[in-house]
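Chemist: So TrEMBL lists these for the protein:
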- 99: active site, proton acceptor (ACT_SITE)
- 26, 27, 28, 29, 30, 31, 32, 33, 98, 99, 100, 101: ATP binding site (BINDING)
- 155, 158, 187, 190: Zn(2+) binding site (BINDING)
- 175, 176, 177, 178, 183: substrate binding site (BINDING)
Ligand SMILES: [Zn+2]
């Protein structure tokens, strides 16, 4: 389990360069959002100022909650563009971002600016799309994050470790919302079948 690095906030209050980026990636049903919520909730209990964002495109369940599959949820702000996060993050100490794979490329510089300002940035997102290709800005986000956690699902076919989101329908469109019935987690071998 991920344990936060111990970084004191210092005396002078100058936080420049004291922030960092954590990234949680994996397939669908791997518990990415639950892990994001777990980390965020602990920061809230510690009375840290927290803001959470998600792309507007992700409207599966709820417009303003980050909702995981097991229904634990937390308040979030939907934004159109990655740059909006810079305007809305304000004086928060911790910034959470869910469904990061749907953001534009700009998200990479946005999270780095936030971390450079001294904020802790926690990102969750799908690392691969349904065809097994890297998803949107995720590779670059993984490259610039200090800490990367890859979480796994369980293969719905064989019970092995699943890293792929297998699409059960024939649709070829990359972004398809509404899920459980349309995807299942699969391991490499069962994904290739
Ligand atoms: Zn399998």
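Just so it is clear, glycine is given a Cβ too, placed from its N, Cα and C backbone atoms.
Remember, TrEMBL labels are computer predictions, not curated facts.
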Chemist: Taking the Cα atoms as reference points, how far is residue 26 (ATP binding site) from the residue listed as 'active site, proton acceptor' in Å?
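Modeler: Computed Cα spacing between residue 26 (ATP binding site) and the residue listed as 'active site, proton acceptor' is 11 Å.
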Chemist: Please list, in sequence order, those binding-site residues from 98, 155, 158, 183, 187, 190 with the Cβ less than 6 Å from ligand 1.
Modeler: 155, 158, 187, 190
Chemist: Under DSSP, is residue 187 (Zn(2+) binding site) helix, strand or coil?
Modeler: coil
Chemist: Quick one: of the binding-site residues 28, 32, 100, which has its CA closest to the CA of residue 187 (Zn(2+) binding site)?
Modeler: 28
Chemist: Using C-alpha positions only, work out which of the binding-site residues 28, 155, 158, 183 is nearest to the residue listed as 'active site, proton acceptor'.
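Modeler: Among 28, 155, 158, 183, 28.
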Chemist: If one measures from the C-alpha of residue 183 (substrate binding site) to the C-alpha of residue 98 (ATP binding site), what distance in angstrom results, rounded to a whole number?
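Modeler: If we compare the Cα positions of residue 183 (substrate binding site) and residue 98 (ATP binding site), the gap is 19 Å.
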